[in-house]
């Protein structure tokens, strides 16, 4: 065991060294260097504090993040590295970073102006186009710098664009940004904020096949521009997770009101919001667009000055209005007054609130509907004595309007203070409207008063046709006239409205709106004629125009019996708010009683800012946007609920009148939005012209009930949702007549007046039948809202270019504001939850990627090790074989050498013996010759001896030489034979060794090929498993997102159910009070009708009263049952809707899961195909490798054979020469032998 393993087991040595980061200081307390001086907010991953450097006093935003481990610290290093590496005037700078006690402190440059979205919410309006241009230009510069440095921001939105006090912007929050290593590198992470996500980023939720690049930021920039133009991004009403499907499948979003914006702006958005990534412009291209050719940041400096201005708030309650209502409710009921028959429920305020129609009006009205307008006009003309004084009042008011407006225009350049009119000046005389320097008063309701009187004339004419006594008619006229005088005094309170004049035309339009609304039967031709004249107004509005708040106050004359009845038939306070500049006109949505004659005062407060006289005239509507919210869901506001119980007759008449009023209202509000007050050095005066409205004409009702188009306009001043261009009421509610309610009453209401002669009970039931249909649908909500409502007045004072400017805005604080704030808070919570989820997913993805990369590295290392091991094994075997062969050859050679030596010695010994024998034989031959010579004669003996010796010597020498040569040849032959045998043996051994070596090499290559194939299989299995792991994690993350989405949906549904339960509880609690008040009113009206038509005896009257009381009790019981049934239906419908939403959500989730599974199957199939192709290519390359190897083996065998053949032929080619071995053993020559 090595020492390191030993140390690991016993945990010896130091702990793992902490990783050091370049820009993060460790083990230093940041509070030693920075002082916390305040809290800026609570971010998604920690709190953000305002800090100041103790040495340099530099301010910073300190983001403190609690990190539980070093691994979590890694998640924030990308953000810190990006902040540290960026040096651009439009990107926040990193000032310091600490890691201390498991807290990561990131201190970045402090931007005192705050985020763009926070500024819009503070000012309660979007940015103007000039402001958007500056923000867009500087943001583009920052993005271009980031993209040039290979950085994708991935979370661009208004909340991450910060203002400085100098009017510049800085891009912040790089928490989910990506820093690439290559310019063309792409990303496939599903990360960012849903509303601003590009479609290609959304697609990465289920498919990683099409990664995205830097152009994803360009899409987010386009969405951010829409957000700055409309306060909220597109699809903001959707759940953060459900919006993803909308982005992926729908067309690119556009501006809600395109006509308000320049063509350059719209073209710029089109270039940004291009779903085709290749066609989408880059930041460098967008910088050349004419929309961003701006240099001055003055619009932003003005915006910041206003946002950071000193604000004084004043909260005003509506107590005075309640007192007026109580006074009105305490007035005596004229004999000629009675509950109206709901002639129309068009969207006018007077039609919704006034309910003082003449008695018997419904029947006579029905009779007269079939008549022509000429007859109606003639009846109106016949009533001149009744209308003289109101007409004079109208003329009087018009004169005062002109005076007040002219005086206002001459003094408009002075700073104007807003003075609350009704609280300080109670009941001034109608003939003496005050014209003061501090309070310009404009009577915008005088025309409406005249029209109201016309309606009253018509209704009184109808009364005269149905009454039988001239005395009773005179009494009614007298009471009517007295009531009008009282009403005129009341109207004086409400029409004396203090107006810091926006323009004379604005007041005119408001008057026109009221006049149109008061004329129930106004024909379309008259309306169009009036609109044609009114459309000639200017189209600029001063920036910083303060809010105008119109409130509707009225009480039904039929409800003036007691204070309890004051809550009966007040229409709903569903507000129609149209913002012109910063102008709000609150109008109830739908009213239950529309045919009455009571004038509805409109309280209109316009507060004018002090504006530099030499200021550019073209500063227009840009600083205060026109906003119109159009709700398309019926029943979402209390005012809309009224339509559920309205009668068929109401629908029939309303279908015409509402259409007329809609057109008039739409066009006039549009005109009002274009009005401007231009203040230049010449102080031009604007002439005043208020037109009288044409006389009232009643439109004959259609024979069939028609759908009613009622514009449901609701402004949310905080959110600015569903903005529409003012005047273009493109979205309306289609309200169909309720066919299932009281078919008998429908027949009665659509009759021709014959019911007037039958009985007073039936008559009164017919008249009052409409009243019961609207009580349970929130008819007193306006009054309750008025009691609860408060007006919040904000005054901002700031200095722009050395000029002090004061902007005063008024806003009615209602429950909807708190609900909007609550919804915004909940939406922020949902986005924060999503951000946490994305951070966890990113961390899990990084961990998985690291794990998979480690697995790949490990398997590739193992492959390499196995290959090296296998090669080493066979190389070792071959080496051993070669070593063994070498040793064998050496041993054989040694053996052969020894054998050759021994054989040569043996042969030499034998030859020496034979030579010795041969020499002995020659000696003996010599002796024989001597003996022969001795036998010869003595004299011849000497000579013969000599001759015979010479002959013998020559003969013996030749024989000996031949014998020795023969012996040498025999020796060489024997040795050569031995050598040949040795060579053959060596050749065999070498051939065998070569064969063995080649077999080993074949085995080595086969093993390598097998190993390669196995590695390919294992690599494929690993990649397949990794792909499954990746998709498993994607499915897991998708399911977690779906769980979170389902949880949010359930919370949302639960909120809806709770709201409905609370509303129904309030309605149930209100109903008994409404019924008691209504019962008193109806009983009083019934008794009065009995007194007027007193032809029966007192007993009969008492019986009728009892019968009426029984019918009333029955009717109230039916009302309670109808309300109960309605509540059950509402709850059932809501539950069904919630269930449908959940089903739809689950369906979308299942589609996403199915899509993910499809992608996984497709990727696995592609992986298998890639593996098959790779294996096929490998096998195709394997054949040439085998062939090459065999050819190499054959060549080596051939070379070996040639070598040994040549060696065999080269040895002993000349037998006469001594062999290589025998020459070392020389044969003794003749000289060595003695004689």
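In case you wondered, yes, glycine gets a Cβ from its N, Cα and C as well.
Sequence annotations record features per position, and here Swiss-Prot assigns coiled coil to 826-1069 (among others).
The annotation coiled coil is assigned in Swiss-Prot to 1109-1183 (among others) on the grounds of sequence analysis.
The compositional bias 'Acidic residues' annotation in Swiss-Prot covers 312-328 (among others).
Swiss-Prot lists 421-432 (among others) with the feature compositional bias 'Basic and acidic residues'.
Feature annotation from Swiss-Prot assigns compositional bias 'Basic and acidic residues' to 522-539 (among others).
Marked as compositional bias 'Acidic residues' by Swiss-Prot: 638-650 (among others).
Under the heading compositional bias 'Basic and acidic residues', Swiss-Prot lists 679-695 (among others).
Residues annotated as compositional bias 'Low complexity' in Swiss-Prot: 749-760.
Feature annotation from Swiss-Prot assigns domain 'Protein kinase' to 34-292.
What Swiss-Prot lists as domain 'UVR' is 875-910, and the listing cites sequence analysis.
Look at Swiss-Prot and you will find 183 (among others) tagged as phosphothreonine, backed by similarity to another entry.
Among the features that Swiss-Prot reports, phosphoserine is placed at 330 (among others), with the record citing a large-scale study or a structure entry.
Annotation source Swiss-Prot lists phosphoserine at 340 (among others), citing similarity to another entry.
The phosphoserine annotation in Swiss-Prot covers 341 (among others).
Residues or ranges marked as phosphoserine in Swiss-Prot: 344 (among others).
Residues or ranges marked as phosphoserine in Swiss-Prot (evidence: a large-scale study or a structure entry): 348 (among others).
Burial estimate for the modified residues (814, 818, 1097): highest at 814, by number of other CB atoms within 10 Å. The average pLDDT computed for the coiled coil (1109-1183) is 90. In this structure the alpha carbons, written CA, of residue 818 (phosphoserine) and residue 1097 (phosphothreonine) are 59 Å apart. Across the range of the domain 'UVR' (875-910), the DSSP-based residue counts are 36 helix, 0 strand, 0 coil. Cα of residue 814 (phosphothreonine) to Cα of residue 1097 (phosphothreonine): a distance of 53 Å.
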